[in-house]
Amino acid sequence: RSQVPIVGLWMQAAMMFVRSVVLLLLASLPLCLAQIGAFYINGNGNGNGNGEYYNSVKLHIETQKDRLFAYRGENVTLTCHYHYEPAVNVTRKVRVKWSKLNMDFSKESDVIVAIGLRHRSFGEFRGRVYLQQNDEREASLVITDVRLEDYGKYKCEVIDGLEDESSIVELELRGVVFPYQPHHGRYQLNFHDAKQACEEQDAMIASFEQLFQAWEEGLDWCNAGWLMDGSVQYPITIPRGPCGGKHNSAGVRNYGQRHKNLHRFDVFCFASTLKGKLYFRRRPLKFTFDEAVKACRDDGGEIAKVGQLYAAWKFQKFDRCEAGWVADGSVRYPIAFPRPKCGPPEPGVRTFGFPRKENGRFGVYCFKLS
């Protein structure tokens, strides 16, 4: 009996202790929530030095809305600025990240990451990119010596504590689209072969946007070819029976997505400007293919690739009414100014196909780097 009152006293004391802890936690909860929602003005988490916190500060980011156009070999600036609302006058230590989006948006490739003066670039962009920060709130990306594969969409991302905002900039290259098939003939390339074939000719596989623009400029081709997104399409400016029907309107015909390993088509390639000189060589008896390759090497150059020939025709108005070997073993010639005895009445790169390398005799188109 004497133990019952003692047990009751212990229980009463325990309940009073629990009640005190709960009341203490409830009293401190508003302060905790206020600190969780607070935006610290300086970078050390101590407010503004006076124990004050600034709430409802929003980070905003701005990039150019229109597509940015560039030529291969140029330097280009993708603009990106950020600001706070309401305005914050204290310098912030933010993290800036630029990444390149894949065409299917499945993942991103890092381009550059920077915190203050420290930065790191990645992959093919290493050593070719830097941040332009002419003012305190600028985070623009400068790409030097633009390459064909730099074409695409880029994301500028600014991270400040819990605040994280981003925006997209689209970079498009000026260039020329051309249909391509190897010497084996029509419809011999799966997607991976097609991509490699373009790269071997100093070009890249074209995007739908590039093909559509080429169609608007008059490209008409009745063979279906791979595009960058894995679809197979072809451009028709003059509707006719074998090319989708003469009663269908002009446009870019679409076979849709195809199996990248099993299905075979031609390919549409995209070439841009040259960083060198393309020229023609011949001799009285002309050259076999092996002799043509040697003639260019002996002159300090190399036999021109198909993409280089198209780029010279497009951007340098290169014009030669004489057939010559190019690197893939085909024989072609560029006409910028149509005239009698030089093929059709439209400008273009004419082709004689793929003659036998040991028997055919032609001039040769050579290329030298600047």
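Using N, Cα and C of the backbone, Cβ positions are placed for all residues, glycine too.
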Fill in: Per TrEMBL, cysteine bonded by disulfide to Cys243 (from Cys222, Cys269)
Cys222
Worksheet item: Got a sec? Which of these disulfide-bonded residues, Cys222, Cys243, Cys321, Cys342, has the most Cβ atoms within 10 Å?
Response: Cys243
Practice prompt. To the nearest whole angstrom, state the Cα distance for the pair Cys342 (disulfide bond) and Cys222 (disulfide bond).
Written response: 22
Response to the item:
Across the domain 'Link' (276-368), the model's average pLDDT, rounded to a whole number, is 96
Discussion item. Give me the CA-CA distance between Cys321 (disulfide bond) and Cys222 (disulfide bond), in Å, as a whole number.
Written reply: 25
